[in-house]
């Protein structure tokens, strides 16, 4: 029979000592004196300010200005937050044998609820409930249906009839809701110490990283908005968009077979103006800035993480406290070897077995990536087929904007495919990770995380890479188009360029995915919890429901994701990729990410406090493999942005024209006056009679001039039809190609040099933290010397008391 069983109260002082290390405040008679000196030393070393007359004057002026502003509006009210930790005392792994060394004011509150839950879970994971090979652990009982759920309890209700300002918080959950999960405090800093105490270090580190990432997005969003506004203000002065809008006499060749008509270049006026908003003179600067920003973000996060690890006592938490997974113990319990660190026997996985499992897993990853590529290939076929269908559509709005309609529908279909494949990828990644049999929980998480990130990153960005670097690049030219399977003509870029397609792809995917993620994170649990409460009211009534015990109330909440914080991290890491990898094509990406993250922090907080069961507290020293993934994205962003600027945008062709072929050629200038005639120089001439039979349009273009068209234009650098080599590449094409390659090399080397220089100049540990750690190490050594000296002096007194004396005694 299925039963629901909450964790019972647990007393670590009376129970048998479990094999889990918990760090607690540690002292003896010497520690009290040393701690007193340590506190005085810290104030003397770290809080001494040197005053100068000039600085005093500046501070007085600043203080006058601050008098007109609210005082620290983002700071939390310290009166409502309890003193959570005794940060001035030393800590050590708890042991019953050394219980007299620890500061214990009250045995009932010495271990907080999160730590007690960890201890209980550790014991339940390793208890043998029945004779047999795999009859071990609580997870086994949950998987076979013996128990429905096992979870730590929330500390009461998160709501109260009384105001927290007048009556205080009833419990930590109520306090977290009022000062963290409430939407009214969206602009305030997060109470990270309280989050860590209630949910554990691992969840606390996630919110610390999310808050740091959101704060670092402010300068990126501001600069991106500035680039966009710069494009808006310079729109009327852009020579290229002016020429496109005034080119009523330039007739462009059809962009698809048969049904696409000839069109005036001036019909692309709106798209040319929109392209200028994102592709302007400030784009290159912004791409360099974002590459440097990614490095600064990661380097300063390392410093911030070090401070948090020190404050939360995670500096010395290493693999010696890492636990072996029960599944690994059950699988390889017959094979044991001595652990070189602990000297104790432990289960062992043979090298051949590990290699064979890794090979099978790698093959599965490769197969799933091929599935993604096949899906992208299907989207490409849809685009090349649909553009002709939309060109023959009966509605004039769709017929005249067939290419935009094709791009928009393709992006929406691509998003649906992405969401469907994500479900399949999760099951495949879980199967492959369990097949590998990782040794520890951190190894399992790292392996699963890497697989899921690879799947979802390729799934989410494959179409974007196609639009950025392949769309319109290998189409051939009128009269000799390249075709897919010798049937479908490859899609061309819009007459105003390919950047507008890339902007649409990024904007639609980013907005849709963030909206969907926010709904699934909060909307779905809200609907499920509402439905559960409705059924309980119908079954028990309102009065009976309010008298439920806490474990019953928590059981009716939604369980946390089986993979812990994986979904939260993955969502933010994929957003970081969107913010950096193609930011040169979409400068508003950091602003959208900032707005989403401001909501995301409170949304996640509300979800953890009110909608989810309380997750099991666990420790972590950093964000794990996600940091390495962030570094990889930062490196990839430099390469992709270099190619976006050089290949996708028209920055390099315009630069080559201004310095080599324009009115200012040879003068060393590149202003707007030097771009006169650029549009005409970037278009080639095609003889209409040279069309292939299957490409020849149904219209002869007589609606433009009253007689059939003889010539049309297309985007390329090719010779005219009557030249000695018809439609061969011109010298300008090779100049542009060489300039693009040179720009990629120079841009990448310059940005990588700046990134490495910044990494070298910014130390991983802040200087005050390093000095504080050295100071504490010195005090500990001094304490140990004094303790040893006192022990020897006591032994000497005992010898004298017993009438024994020795020569050459020390001291």
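Keep in mind that glycine also has a Cβ here, set from the backbone N, Cα and C atoms.
The range from 431-452, 453-474, 475-496 that TrEMBL describes as transmembrane segment is residues 453-474. It is 206-232, from the ranges 179-205, 206-232, 233-259, that TrEMBL records as transmembrane segment. Looking at 523-547, 548-572, 598-622, 623-647, the stretch flagged in TrEMBL as transmembrane segment turns out to be 623-647. The transmembrane segment annotation in TrEMBL falls on one of the ranges 262-281, 282-301, 302-321, namely 282-301. At the 8 Å Cβ cutoff, the transmembrane segment (282-301) and the transmembrane segment (358-384) share fewer than 3 close pairs (sequence separation 6 or more) and do not count as touching. When Cβ-Cβ distances below 8 Å are used as the criterion, the transmembrane segment (623-647) is approached by residues 205-206, 209, 283-284, 287, 290-291, 294-295, 298, 301, 305, 442, 445-446, 449-450, 453, 468-469, 473, 502, 569, 573, 576-577, 580-585, 740-741, 743-744, 747-748, 751-752, 755 of the same chain, each at least six residues removed from its ends.
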